[in-house]
Amino acid sequence: MRTCYTGEVCRDHLGQTVTLYGWVNRRRDHGGVIFIDLRDRAGLAQIVFDPDNAAFATAERLRNEFCIRVTGLVRPRPEGTANPELASGEVEVLCKEVEILNASITPPFQLDDDNLSETTRLTHRVLDLRRPQMQRNLMLRYRVSIEVRKFLDQLGFIDIETPMLTKSTPEGARDYLVPSRVNAGHFFALPQSPQLFKQMLMVSGFDRYYQITKCFRDEDLRADRQPEFTQIDCETSFLNEVEIRQIFEDMIRHVFKTVQNVELPAPFPQMTWTEAMQRYGSDKPDLRVSLEFTDVTDVMRDVDFKVFAAAATAPGSRVVALRVPGGAELSRSEIDAYTQFVGIYGAKGLAYIKVNDASKGREGLQSPIVKNLHDAALAELLKRSGAQSGDIIFFGADRAKIVNDAIGALRVKIGHSEFGKKAGLASSDWKPLWVVDFPMFEYDEEDGRYTAAHHPFTSPKDGHEDFLESDPSKAFAKAYDMVLNGWEIGGGSVRIHREEVQSKVFRALKIGAEEAREKFGFLLDALQYGAPPHGGIAFGLDRIVTMMTGAESIRDVIAFPKTQRAQCLLTQAPSEVDEKQLRELHIRLRNVEVK
């Protein structure tokens, strides 16, 4: 039986005979004495094979990634050979017995190779997961889950599982559909979230629910998205939005303190959605970056520069300035690169003014657009933005969405650039934030109707219920997102608990009574049986762990992730299925070229 994990061998074991299991990380032959670095999930230990011992012959056969059992005596390392990088670095194990549990073919890569392509890593994921960094990532993920459970258990939350095979309902992204063999022509959907089931649990009287569960969305993938992801899903009854936020702010603070010994600020700052968009162009602003928008829409209405004037007078458009302290030193090539960058977000260009000498007014400014801006506009621009000599001011002028997306992304890019770091434009602190009071609806110009900004079960703010029928664009929601360093790590809301209000929301979304009854009849019925006031939140476990570990991709904190093409390179899923299986499911493929 194993005495302890290999990486846990230390001075406390001196003079003891221990049995260890693990993999050969490295083998070294030093003039007749063989050294093995034995590895397991806890770390490394040095194993020494003396040529006078019978185990030496077996040691000569050992190669990297052989799985072995070792029994030996723990002794101090010779003076001058201690390794402070290892927990076991002061000791070594003099092997008495060794057993090869399984040999290994030559691995396709060295585990300490940091330049592997992601394709190679995901194809050989079993070996990739042996790497110490990946083991640390997944162990940290486990610890986060444990601390979440501890915290919620102490507050009386109950872990209740909800179905994985459920009804397809519109929640913004495409569902993964599962055909029913028994009910021909009918399909289950894999849940995008347990949203409706957790609301049913509140109606059922389970007033505090949580679940760490898989969710599924068939959407285009980015670095921070997976088709299947893990959600910390929570719901509670009889609490208002302030009380709900307090519980889960405390939970995140607890997790960071216990897992990483990080003290997050208390309380988290709070900002309305409107303010966040006005100041940062984003509903998940990265507060590590000190740069902010200055809105100059009103200033630019009567200038001769048509790009600014048109945006300043068009409904739904805006003109903003982004002052970058010390940015006048940016080169033309750097500015061109930023111009190309904002083009990704739909911006048609990137106007700028370098403030060489603020005291000289127009004469101290450098830009092709200065001649098209009158003195009053320039003076107000400098006053509002607080521009000083040596600064640069970038501009966004277009439809509000394009300006917010483009200049908001530029703000973050400059802040975290080498220039931004040298200029002190971004901190390395943890910067949490609550963003509250979101619009209930977004208008889809293509379809000519409103869609739910979060989901259609979010309660309107007090006094906004009448807007559901008179003017949905004015309705704001009791919705809230927890943002950390520019990532939305959790989102939630107070839910609608009255059937008549839920029906009004469906009508605002152009979901007719018949469609609402067909898709959500069970919800509408449940709300009529004394449904309590309730609300909740869901956190992205994958995102939280990605941030804690500093991983470059969310795929580095998931054991067996999918690629950006939603494929598992290890198992080659998704795969074809044979005709018999399709017939049993009453499915026929049409116009599909199998690759």
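Using the three backbone atoms N, Cα and C, a Cβ is placed for every residue, glycine included.
What Swiss-Prot says about this one:
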BINDING   Glu171, Arg217, His454, Arg495  L-aspartate binding site
BINDING   Arg217, Asp218, Glu219, Gln226, Glu488, Gly540, Leu541, Asp542, Arg543  ATP binding site
REGION    195-198  region 'Aspartate'
SITE      His30  site 'Important for tRNA non-discrimination'
SITE      Gly80  site 'Important for tRNA non-discrimination'
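Everything Swiss-Prot records as a feature, shown here on the structure.
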residue : record                                       : Cβ neighbours (10 Å)
His30   : site 'Important for tRNA non-discrimination' : 8
Gly80   : site 'Important for tRNA non-discrimination' : 5
Arg217  : L-aspartate binding site                     : 21
Glu219  : ATP binding site                             : 14
His454  : L-aspartate binding site                     : 20
Glu488  : ATP binding site                             : 17
Arg495  : L-aspartate binding site                     : 24
Leu541  : ATP binding site                             : 22
Arg543  : ATP binding site                             : 20
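This prediction places the mean pLDDT of the region 'Aspartate' (195-198) at 97. Largest Cα-Cα distance over the residues recorded as binding ATP, namely Arg217, Asp218, Glu219, Gln226, Glu488, Gly540, Leu541, Asp542, Arg543, equals 20 Å. DSSP assigns Glu219 (ATP binding site) to coil in the three-state reduction, outside any helix or strand. For Glu219 (ATP binding site), the nearest neighbour among the recorded positions His30, Gly80, His454, Arg495, judged by Cα separation, is His454. DSSP assignment over the region 'Aspartate' (195-198) gives 4 helix, 0 strand, 0 coil. On the backbone, the CA of His30 (site 'Important for tRNA non-discrimination') and the CA of Arg543 (ATP binding site) stand 46 Å apart.
Comparing CA positions across the binding-site residues Arg217, His454, Arg495, the one lying closest to Gly80 (site 'Important for tRNA non-discrimination') turns out to be Arg217. Rounded to the nearest whole angstrom, the C-alpha distance between Arg543 (ATP binding site) and Arg217 (L-aspartate binding site) is 16. For the pair Arg217 (L-aspartate binding site) and Leu541 (ATP binding site), the Cα-Cα distance reads 16 Å.
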